[in-house]
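These notes are about the structure you will find just below.
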Amino acid sequence: MRASLPYSYKRIPAMRPARALIDLKALRHNYRLAREVSGARALAVVKADAYGHGAVRCAQALEAEADGFAVACIEEALELREAGIRAPILLLEGFFEASELELIERHDLWYVVHSAWQLEAIERARPGKPLTLWLKMDSGMHRVGFFPQDYAAALARLQALPHVAKVVLMSHFARADELDCRRTEEQVAAFEAVRSGLGQTFEVSLRNSPGILGWPSVPSDWVRPGIMLYGATPFEQDHPLADQLRPVMTLESQVISVRELPAGEPVGYGARFVAERPVRVGVVAMGYADGYPRHAPDGAPIFIDGRPSRIMGRVSMDMLTVDLTDLPGAGLGSRVELWGSQVPASRLASLCGSIPYQLFCNLKRVPRVYSDE
Ligand SMILES: *Cc1c(COP(=O)(O)O)cnc(C)c1O
């Protein structure tokens with residue numbers, strides 16, 4: 001397998017065996033699942049470089065069928081436009097400076113309006129093209145958005161503007177990943193109370209991945225799948241729909257050194273692991289500088305040549321150590337899966353006090369190798 005280093009100044013093949021394999025077919029499968037289970041149009045959320053999967057390649061793989069994309073900021077949107085993506089792109093936090101409005105217009109972007117200062121800037125602007133805006137309600141997340149009692153007035157101000165062609169009503173869930181928590185229903189009720197009093201119908205968008213998979217009765221014209229596109233479950237417990245997701249990324253590397261140690265010998269920084277019996281230690285070319293979590297505990301799962309093993313000792317910057325004692329066939333050059341279909345990223349993340357979102361976003365240095373068959 002050949003891969004180019006992510007460094008532009010070194011156009012040589014990557015010799016170090018660490019790789020992130022990205023399965024674009026699995027990405028499309030997960031996107032279709034989001035649309036199918038919601039019965040809604042779906043904006044594929046590709047912010048943060050598609051959660052570490054590569055925004056341009058992922059958007060290109062989805063463009064033929066995607067209803068649109070969502071990103072965090074204009075820089076991310078322009079990267080997609082420059083790569084030739086023509087589908088609608090929504091800026092999830094709208095603009096940060098009124099000076100962005102000109103670029104937003106030139107590149108036909110949709111954007112979220114979440115604050116009074118944005119509303120005022122839109123009232124002052126005189127765009128030459130009709131705008132599609134998504135007006136955000138703070139139905140209980142308490143981060144951004146108009147409070148329910150202020151929402152109808154904000155909407156009326158947008159509708160009074162000649163250059164506003166369409167407004168989609170949106171909100172965002174704080175606890176949709178907690179399937180037995182009532183907070184999501186309370187947020188929906190707060191949203192619906194306002195919407196039902198508007199005297200006019202609008203398209204609505206409330207659901208992120210846990211909303212799509214876990215809250216089927218929430219009204220949706222548009223859904224906003226992120227983590228589920230990449231095949232990781234947003235839930236801590238098993239869920240029948242989440243089981244249908246296919247992992248998109250396989251983080252893999254190889255064993256680059258092997259040693260046998262007698263009982264009582266420590267492994268790695270700080271001697272966190274001390275052998276209780278003679279052990280065979282494999283050293284893997286992968287570390288926290290690649291994005292593998294430094295907080296992985298002893299015993300965290302890892303697969304070597306398709307067989308389960310465990311981390312032993314602290315994760316270092318460029319290497320980590322695994323237990324080969326019960327895998328006599330494994331050795332130098334053995335293939336190691338850090339996460340993927342054998343080690344679900346959500347399971348590893350949970351053992352490390354993290355979430356799969358963060359594992360993916362932290363990916364660095366490792367070349368990505370795409371497959372689409
Ligand atoms: C990031 C984001 C999403 C996607 O969330 P997932 O949990 O990854 O599906 C959806 N909506 C908004 C507003 C977001 O910021």
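Glycine is treated like the rest: Cβ placed from N, Cα and C.
Among the features that TrEMBL reports, active site, proton acceptor is placed at K47, Y269. Summarising the annotation, TrEMBL assigns N6-(pyridoxal phosphate)lysine to K47. Annotation source TrEMBL lists substrate binding site at R143, M317. The domain 'Alanine racemase C-terminal' feature in TrEMBL is assigned to 248-371.
Each of the recorded positions K47, R143 was ranked by the number of other C-beta atoms within 10 Å, and first place falls to K47. For the pair formed by K47 (active site, proton acceptor) and R143 (substrate binding site), distance between Cα atoms is given as 18 Å, rounded to the nearest Å. Sequence-distant neighbours of Y269 (active site, proton acceptor): residues of the same chain at least 6 apart with a C-beta under 8 Å from its C-beta are G313, R314, S316. Classification of K47 (active site, proton acceptor) by DSSP places it within a helix.
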